[in-house]
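Copied over from TrEMBL:
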- His80, His116, His150, His186: heme b binding site (BINDING)
- 43-241: domain 'Cytochrome b561' (DOMAIN)
- 1-22: signal peptide (SIGNAL)
- 78-101: transmembrane segment (TRANSMEM)
- 121-139: transmembrane segment (TRANSMEM)
- 151-170: transmembrane segment (TRANSMEM)
- 182-204: transmembrane segment (TRANSMEM)
- 216-235: transmembrane segment (TRANSMEM)
Amino acid sequence: MSSIIGITILGTMICLLDLANAHSNSSSCKDALPITSTKFQEPHDSLERANNTEVTTDFKSWNFRPAGHERHHRRLRVIHGVVNIFGWGVLLPIGVIIARYYKRLPMKCEEWYSLHVRSEVAGFILGTVGWGLGISIRNSAKEQSTMSTHGIFGTIIFTFTTIQVLHICLQPDEENVYRKYWVIYHNFFGYALIILTIVNIFQGIEKEEPSNRWKWSYAVLVGVMGLTALVLELLPCFSMIKNKLSVSGIE
């Protein structure tokens, strides 16, 4: 079980790193300063030559901000996206899948709780780093403005994932009368955070150029995780039908 999860995580990291390299290579061409064009008209008359010399310069294309700063800013945005996609967008859903399907038959695993906690804590740490990078990118922007919807959702996700991780240490015992209420709360906010995280990641991808490759790549990851959850959800039904058929065959 742990080896399958490790292979999945490694493959996701390789995919995200390839996307980051492709993004940085495609966007590096945009950092070059445009060449201003100078046009000279030289009439035959020497007097008219001095008066009619025309120089056209595209002042709008001048970039007074250092190109190195722009490259650094773009690189931080790529790192922010990769870390958040892998942390909040992949590890957190994997942790939820482990907790829901690997503590019961037919996929029961004795180490499900340890794997769940490790996946959630690792996703929380990476997501927190990505969230901090996002705040830093916003603060270093040329034009300071109010926080965007993407930033607001990111802060909400950070707040409630922090609470969810703290609840691991504060969960009541199995015999506690409030245990069932804690389970309901923990599950409800866990699923809500997964949905909000996926929506926010797609919203952040829309701000990047080119965004289509990132969008479709993450859509494939979400589709794979969703299909895995669907298959694991239906496995008990298949097992139940198989058992009924076997029992009826014996009779």
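Please read every residue number as a count from 1 along the shown chain.
Even glycines carry a Cβ here, placed using N, Cα and C.
Recorded features from TrEMBL, shown on the structure.
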| residue | record | contacts (Cβ under 8 Å, 6+ apart) |
| --- | --- | --- |
| His80 | heme b binding site | Gly130, Leu133, Gly134, Ile137 |
| His116 | heme b binding site | Gly95, Ile98, Ala99 |
| His150 | heme b binding site | Asn200, Gln203, Gly204, Lys207 |
| His186 | heme b binding site | Gln164, His167, Gln171 |
Pairs of Cβ atoms less than 8 Å apart decide it: which stretch in 78-101, 121-139, 151-170, 216-235 has the most with the transmembrane segment (182-204)? 151-170
Assuming the binding residues for heme b are exactly those in the record, His80, His116, His150, His186, what is the maximum CA-CA distance in angstrom, rounded? 27
Six or more residues out from either end of the transmembrane segment (78-101), which same-chain residues have a Cβ under 8 Å from its Cβ atoms? 5, 8-9, 12-13, 16-17, 19-20, 23-24, 107, 109, 112-113, 115-117, 119-120, 122-131, 133-134, 137, 154, 157, 161, 190-191, 193-194, 197-198, 201, 204-205, 208, 214, 218, 221-222, 225, 228-229, 232-233, 235
Mean pLDDT over the domain 'Cytochrome b561' (43-241): what is the value? 83
